Amino acid sequence: MTEKINLFDYTPKALADWFVAQGEQPFRAKQVLKWLYHERVYDFERMTDLSKKLRAMLSEKACVILPQVIADKTARDGTRKWVFQYACTNSIEAVFIPEDDRGTLCISSQAGCALACPFCSTARAGFNRNLTTGEIVVQVWLAKELVHCERNGNSRLITNVVLMGMGEPLINFNQVLPATEIFMSDWGFGLSKRRVTLSTSGVVPAIHKLREVTDLSLAVSLHAPNDELRNKIVPINQRYGLKALIEACALYAENNKQHGGITWEYVMLKGVNDTLEHAQQLADLLRNVPGKINLIPFNEFPNSPFQCSSWEDIVRFQQFLQKAGYIATIRKTRGDDIDAACGQLVGRVNDRIRRERQFQGFKA
């Protein structure tokens, strides 16, 4: 028997092609996707504008795979974290951050992460595998459902999606790209390009490839203003150095001017990357690339070799960048009391690749 397809894996075009292969009209895809994404209905028998024959065919050949919600926590500040478990027993985490004028959902692209950045708790958990397109998309679908049920039916509360959870999205390019297409499709979640952000640690070839097919918002986990330091705290820099990264981002920003350019993420680590000398190096490095700098207070976790910079040092760093002509903001820490803040997402990663030595021997 042929394995059933998971509808969450399919973009509108891919699903239309699938219907044609079944001897059906391509417009059936939009009918089904409207039920799935707009009405949040995945029981084919409830798709009342489909014929009985078509519903029977869908029941035989297609399905919707939902993960199990094994944890649902709400922080003091209203941030909400879910742990989703897939059939393979790996679990990943997604975080909803409500604000007065928006609701941001942070989702994962991999079970774990192989990049071994020593300031990130996710990296310590190791890496198992890439998530499928459907496993990425369903995080948004299920989060909308869970928020909808508790917020008087207001499904518009999730206004932004950021691929900043577990994993490096651009290593999982072939699964992430269709997911972003579904996020932005009118027959999917209908988000605008400026409301979908992909965060990368700097997979340079994939940034070039991404530029050729989309112009969604791009964030770069920079964290250091020179190669010597970045080689230590963002190890992928040993493969793709700052010169190549900045050049790739400058080209991407040319396609992305209407979205404000690149968002540069910079975690503030006490005594490591937080001096005014580092700020000057950062200002020089980013001089010709439009964008903004987001300073992130480090969120500590057990046995971490790092501490967060003092608030005074973070503000001093910000003010230096602002005087140098940059838009520089300090990210407000959200959800740290439930381990939902930046760098704290772990989930459960089975058959993982351990990275302990990366943490034990760090020296700034």
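Glycine is no exception: its Cβ is also placed from the backbone N, Cα and C atoms.
A quick note: this is a predicted structure, and the numbers were derived from the prediction, not measured.
Quick look at what Swiss-Prot annotates:
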{"type": "ACT_SITE", "residues": "Glu93", "note": "active site, proton acceptor"}
{"type": "ACT_SITE", "residues": "Cys342", "note": "active site, S-methylcysteine intermediate"}
{"type": "BINDING", "residues": "Cys113, Cys117, Cys120", "note": "[4Fe-4S] cluster binding site"}
{"type": "BINDING", "residues": "Gly167, Glu168, Ser199, Ser221, Leu222, His223, Asn299", "note": "S-adenosyl-L-methionine binding site"}
{"type": "DISULFID", "residues": "Cys106-Cys342", "note": "disulfide bond"}
{"type": "DOMAIN", "residues": "99-337", "note": "domain 'Radical SAM core'"}
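The two recorded residues, Ser199 (S-adenosyl-L-methionine binding site) and Cys106 (disulfide bond), show a Cα separation of 10 Å. Within 10 Å of the Cβ of Cys120 ([4Fe-4S] cluster binding site) there are 28 other Cβ atoms, across all protein chains. Considering only the residues assigned to S-adenosyl-L-methionine binding, Gly167, Glu168, Ser199, Ser221, Leu222, His223, Asn299, the longest pairwise Cα distance works out to 19 Å. Cα separation, Leu222 (S-adenosyl-L-methionine binding site) to Cys113 ([4Fe-4S] cluster binding site), rounded: 17 Å. Rounded to the nearest whole angstrom, the C-alpha distance between Glu93 (active site, proton acceptor) and Ser221 (S-adenosyl-L-methionine binding site) is 19. Here Gly167 (S-adenosyl-L-methionine binding site) is compared against the recorded positions Cys106, Cys113, Cys117, Cys120, and the shortest C-alpha distance is to Cys113.
Within 10 Å of the C-beta atom of Ser221 (S-adenosyl-L-methionine binding site) sit 23 other C-beta atoms, taking all shown protein chains into account.
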